[in-house]
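Now, the feature entries from TrEMBL:
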{"type": "DOMAIN", "residues": "B:38-68", "note": "domain '4Fe-4S ferredoxin-type'"}
{"type": "DOMAIN", "residues": "B:78-107", "note": "domain '4Fe-4S ferredoxin-type'"}
{"type": "DOMAIN", "residues": "B:123-152", "note": "domain '4Fe-4S ferredoxin-type'"}
{"type": "DOMAIN", "residues": "B:153-183", "note": "domain '4Fe-4S ferredoxin-type'"}
{"type": "DOMAIN", "residues": "B:257-286", "note": "domain '4Fe-4S ferredoxin-type'"}
{"type": "DOMAIN", "residues": "B:288-317", "note": "domain '4Fe-4S ferredoxin-type'"}
């Protein structure tokens, strides 16, 4: 029997249709339909200046909006062959890690909601508020910050802001260990999560899984290692696990939150005085840039003529993660409720995923299944 | 039993009755952080109607310039109006606003030093009635109500309301139908046009031998590097943007007629002497020779149409400013007139 869930369903955050092939309560396999929130942002951006596009890039994703502006700015900086001042780079790191903290907390709390542990859901969400407050103090707004520009950041952080951020992250750190322990040591919670929705390393490679989902399956791959700021100024080593089940994915995110807190402290320690923004003469040409967003790799491919964006293509991590979730995680799952929890553990973000389609020119067919490529 | 007493006591308290009778929900006092970006705040009186905010806005229809009605005292005030349903609160309009103090306030964005600034332009926009196709795209693109109007089946720009934003020029699908004319230094611009035309004429006349040997139905293509004119043009008007655009506009619409004269074919029939309206063509019986004074010639092509021996050849030259191998050149295309096949 095929059990459809969605597109509008309380179990899902965003519109998407999940078709579960079931035999009794057991889920044999799953299919996923996209196409409910396609917005055509890339097309809107064409023919606009970067000053307008950077605000639109922020609205690609509703949760990890920050990383899009940074990647956009760094792509244009690569075309123009300049680099932001060191202070701006480190301020970008601080905001990026704060954004990662709130995104991981949101993903984990959604997972706890999916396994019906409402206490942890509320606990983790209230912990997320501290991260949101810190972002609001630094940049002015909670989600769409408008903080990055090509050549640096928009506003300088004063000492009171940095002190407030340190205070907020110490508040997070105080409770983080306890909540992680509730999840990892709690017998029922652990039982509900271990060995559910398992994805092996080979399957993760085949499904091109990225971010915490790939790292929980044993892919030690984090683009922050290759980023110049992290490489030059910060001590960083990616966190990864071998199990590849729901438990590993959730714990990987909790561990990355602790690492992000450490990275923010390091960045504030080495933060130098100086300019936060350089004037950039926008060059013309084509460039690609990749960054590690909370969900994985974000890639921007931009072609400009020196003033206007001629062509832009955005690759977001969720599309690979959701597809590998449908193909490999939702396979022989014991119950339907476990299938929904597995889907939530893959941290799907539909709004930014709606951009892939494979068009067969000869046959005139369009499909969204990237694994049946010939 | 004791819990019941406490329970009844809770109802008997004075504050309970006050709560029931004066039931009002109190407003939470929420403090905005310093840098919070709310919807932009508009201070009408500082606005200079430059249109920088409408130009910069990434969200369509979020900001619009409106103008109060004029009265006897003077012009009405022009000021931006924010549509809060479309505004995405990015604060970019406050950042680019060039007035001092700022017309738009938004978070801390109006304190940021400006990198991208749109200042009022030196252009005046006019519609060429001959080329205009009345598609009304300029009216749709105009951010000011009533700046471009349709009157007597003609599109016209109301110069008193135009804010010189240039949207109409971008929207216009016909090249040359909407013109952005620089209103300063008109005499200097004319001098540049004269310089361009004279240089091109001299250049083409120096190639007269190639024109003579050109077979009919073939095109002659020449190139004149812009650098030959550029230094002189900048001496007349030291503004690169204006000079380049004046040269571009001049070459776009320019047609030069060229008349060449092949002496060896002439049979001295003297038909052209009578036809010439200015007396540029003369016959001297002593030398038995027909002569043409090119300074008097109007290039009306009368002699060309009269001559039975095709002594005269008549060419039309068209021009295009283009970039070849990273250097700006004027491309010249010369073609023999089709009147030859009469």
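From the backbone N, Cα and C atoms, a Cβ is placed for every residue, glycine too.
Because TrEMBL annotations are produced automatically, they should be read as predictions rather than curated entries.
Mean per-residue pLDDT, taken over the domain '4Fe-4S ferredoxin-type' (B:288-317), amounts to 84. Applying DSSP to the domain '4Fe-4S ferredoxin-type' (B:153-183) sorts its residues as follows: 5 helix, 9 strand, 17 coil. DSSP labels the residues of the domain '4Fe-4S ferredoxin-type' (B:257-286) in these numbers: 8 helix, 9 strand, 13 coil.
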